[in-house]
Structures are given as structure tokens and as C-alpha cells.
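K.L.:
Sharing a structure here in C-alpha cells format.
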Amino acid sequence: MDNECVQSVRKGWKRFTLMEPPIFLLLLAYGMTATVFTDLIVYQTCRQMMGENRNNCDILHTNSSSDEAKELDKIVQPHASYLIMCKSLIEGIVPAFLVLFLGPWSDSHGRKPLLIMGYFAPVCKYTILTIISHQDLNPWIYLLSSIPTSLMGGISVLLLSTFCYVSDISEPDKRAWYLACLESSLTAGLVIGTLTGPLIFQASGYGSLFLIATFLCIISFFYILLFVPESVRNESNKWGNPFNFSLVKQLVLTCTKKRPGLNRGLLWGCLLVLSLFVIIFDGTTNIEYLFANAKLGWNTVQFSMYSSLSMTLVIFGTIVGLRVMKNFMGFTDTTEALIGSLSGFAATITYSLTSKPWHMWLGTSLGIFTGIISPTTRSLLSKSAPVDDLGKVFSLVTFMEALLPLGGASLYSLMYSLYMSVYPLPAYLFSAGIYFLMIIIIIIMDRKIDIHESPYQTAIQED
């Protein structure tokens, strides 16, 4: 570590001024634009398909709950979902592989280059969207904005570098609290952005919203550039080769070769559960606005209100649920993960049967404990390998979490476009099936795999 820079911020309140402000602004920009960008794709797809009757598409904004708008959605959304699927592939494939190389590279060459790259990509993305959103273009043109995100690692590299930086500047006994504050800033930005973005869009239009998002990203980029010190000393003062395949080979051998201290059954069981959970999350995120818009006639404001409140409810369920289950009921990590999976199973069954708005709220209430799955599974992962290898284990986890959802997002988009008129909705039934598989895996881990307490258990969420 660069002691002169880092030690000055390891004590007191200054440590909370490094990562929290920029990631809050970045997620604020993302939350403001996520739903509106999907709406833009649907709207421009409609205008392209309608040709000379393109003005008929205005009803998607003026009266989205009307029967005419719903019929128009049935025609347009299957085509729009393919475009959204391609966007997910562009923004996911390259970053998934970059994580394998850049994570180990940053251990010796520094975190700040990755942070700068991660925060510069959104500046490019929203600048492009600001320029082209003023034009009446073919919707496929909007995929140009995803290219900078893809080449610079996207959200995968940004979060990997952020959590590595947090580990560098925080003491082990206080790291969990620091991470909790970081995730609170991240979630707060996302929720506030989800609430305010559609309101800004209704008042000012697409271009103004993307312009505001661009300024937020510029502020966060310069904050990282000017005020965040490096946390790892580069002894050689050289960039080195970030694409060293020997690092990847060592990572794979660490997680697959049988040796003392490595619980391979537990490791791969947890990895499978986390991967399946991320597939569900990313897949349903791609279609949930399309579903609510087509089935219930919700516009961007109505859906954003629902989305932000549902996120808040899940956060509440995660924090309170973990506290009660762990401290008052004495549940194990596997039991807590099982409860989270059962909660997700009940929620997705309810979503598949949705025909009225209150069904969506019922599904959200039933899924209040789904947020428990990720931290409890990572806790189990921390017991699967020696402490010296936990970094490699979590690098593999990050890679799998970035790569596998690409197929899931594409599959969800394809299922939705082909079967959007089928009741119950097959995409949510598919999610219920994945949750059922997760339940079986967790039960097997609980009964068949010997899970030992270890002196490095405190690393539950440190990596």
C-alpha cells in the first residue's frame, strides 16, 4: 500500500468520503436512466415499425394504460426485447473476461487505473446518448452507447476495483461496516434515481435526462481522479502486462485442485447458487418493465415508483431478516439461504400469475427475503478455502456472475418475446424453476457437505 496516502484516511470520518460520493452519483445516474432508456428503445422501435403512422406511437406516452396502447405493445415489444438482449450481450461479454485479468493485475499495479477506467466509461455512454437521443433514429443506433462500457469493463470492473479498494483502506475488524456504508450509498443512489428519472423525463424529455446523467458521471469521474489516492504501491512503476494468462491458470488451479483446506463441494455449490441467482436477477430486470407496461399499462413513473419501493422493501427484509435469524433464532448460513430461496420461489410464482397491480405488490411482499441469498452464500464461500486463496475464489465468483447472466438475459428476452401473451407468464415460471433448483442445491450442501467453522470466517463479505 501507499502508506503516505492511505494511512491518512484509515482513521475517522475521511474514509467515508472516498468511495461513497462517486458511487452514489454514478448509481443515481444509472437509476435515473435505466427504465427511461428501455422506454426509449420501445418508443423508437414503434416509430420505425409504424412508418408513416409513427405518430400513433405517442399513445405509449400519453395513455399507456389504454387498450390501444396495450395492443401496440404486443406488436412492438417482441422486437424491442431483441435489441435489449443485444445490449446486454455487448455490455457483458468483454467485461466478464476483463475481470479475470484486471483483478489480479491490480494487486501489484494499483486500483486507481481501474477506478478511472470504470468511471470514465459512463461519461462516454451518456454523452453519446445525449447527442443521439435528440434524433429520430433507428433504435439499433442506440447500441453505440454500449461500446465504451464494453471496452472499459462495465459495472463488473468498476465494482471489483471498488471493493478491492475498500479492502485496501479498511481494517479487517471494521471492513464489514465500511462495506455496509458503501452498499447503502450505492442503493440510495439507485432508489433516488429510479424515483426522479421518469419525472425529469416527463418534464424535459430524453435529451435533458441523459444530459443530467452525463454531468453526474463527469463529477464522479473527476472526484475519483482528483481526490481518491492510490491504495497499492506499484513497486516497478511500470504498467506490466494485464493480460497474463499465468494468473488465470493459477486462479483455476486454486479452485479445482484437491488439497488440504479447500472444500471443493462447498465452493462449487455456492458458486452455482450465486450464478443461478444472478441469472434470475439480470434476466427479470430485462423484462420486468416490458411486462408491467404490457400487462398492467404502467408508464415509466408508475413502474419506477413500484421498483424503488420494492428495492427498499427487499433491503429492509435483508437487514432485519439477517439480524433476527442470526442473533435471535440462531439460524445457520444454509438455513438463511434456504429461506431466501423459498421467498424468491413464492414471489416468482405470484408474478407469473399477475393480472392486476396488487398482484405485483403481493409478489414483492413474498420476496422480501430474496436479498438474503447473496450475503449468506458468500459467507459460506469464505469457509471453503484457505484465507490466502480467498481473493482468487472471489475473482472466479465475479467472473461467473458477469458471464453467466448473459445467456440468462438473452433467454429471458427470447422467452418473453415469444410467449408474452401466454398466461401464466413462462419467463417467471422459469425463474420459479431456477429457485427450486437452488433450494435443492442448498439442502444438499446442508446435509452432505461438511461445513467447518474456521478462523477466517470473519472474511464473510470482505472480498
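Quick reminder: no glycine exception, Cβ is built from N, Cα and C everywhere.
What TrEMBL records for this protein is below:
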- 23-43: transmembrane segment (TRANSMEM)
- 80-102: transmembrane segment (TRANSMEM)
- 114-134: transmembrane segment (TRANSMEM)
- 140-165: transmembrane segment (TRANSMEM)
- 177-201: transmembrane segment (TRANSMEM)
- 207-228: transmembrane segment (TRANSMEM)
- 266-283: transmembrane segment (TRANSMEM)
- 303-325: transmembrane segment (TRANSMEM)
- 337-354: transmembrane segment (TRANSMEM)
- 360-381: transmembrane segment (TRANSMEM)
- 393-419: transmembrane segment (TRANSMEM)
- 425-445: transmembrane segment (TRANSMEM)
K.L.:
Checking distant contacts: for the transmembrane segment (80-102), what same-chain residues at least six beyond its ends satisfy Cβ-Cβ under 8 A?
P.N.:
38, 41-42, 45, 114, 139-140, 142-143, 146-147, 149-151, 153-157, 160-161, 242-244, 247-248, 251, 282, 286-287, 290, 395, 398-399, 402-403, 405-406, 409-410, 413-414, 416-417
K.L.:
What parts of the chain pack near the transmembrane segment (425-445), using Cβ distances under 8 Å and only residues at least 6 beyond its ends?
P.N.:
265-266, 269-270, 272-273, 276-277, 279-280, 283-284, 287, 291, 334, 337-338, 341-342, 344-345, 348-349, 351-352, 354, 373, 380, 411-412, 415-416, 419, 451
K.L.:
Rank 114-134, 177-201, 207-228, 360-381, 393-419 by Cβ pairs under 8 Å to the transmembrane segment (140-165) and hand me the top one.
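P.N.:
So the stretch in question is 114-134.
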K.L.:
Hey, which of 23-43, 114-134, 177-201, 266-283, 393-419 has the most Cβ-Cβ pairs under 8 Å against the transmembrane segment (337-354)?
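P.N.:
Out of the listed stretches, 266-283 contacts the transmembrane segment (337-354) most.
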K.L.:
Okay, the transmembrane segment (360-381) and the transmembrane segment (177-201): do they have at least three CB pairs under 8 Å, pairs separated by 6 or more?
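P.N.:
The answer is no, given that the two segments have fewer than 3 Cβ pairs within the 8 Å cut-off.
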K.L.:
Taking the transmembrane segment (23-43) as the reference, which of 114-134, 266-283, 360-381, 393-419 gives the largest number of Cβ pairs under 8 angstroms?
P.N.:
114-134
K.L.:
Under an 8 Å Cβ to Cβ limit, what residues of the same chain, 6 or more beyond the ends of the transmembrane segment (114-134), are close to it?
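P.N.:
Residues 22, 26, 29-30, 33, 37, 40, 102, 106, 141-142, 144-146, 148-149, 151-155, 157-158, 160-162, 165, 206-207, 210-211, 213-214, 217-218, 220-221, 224-225, 228.
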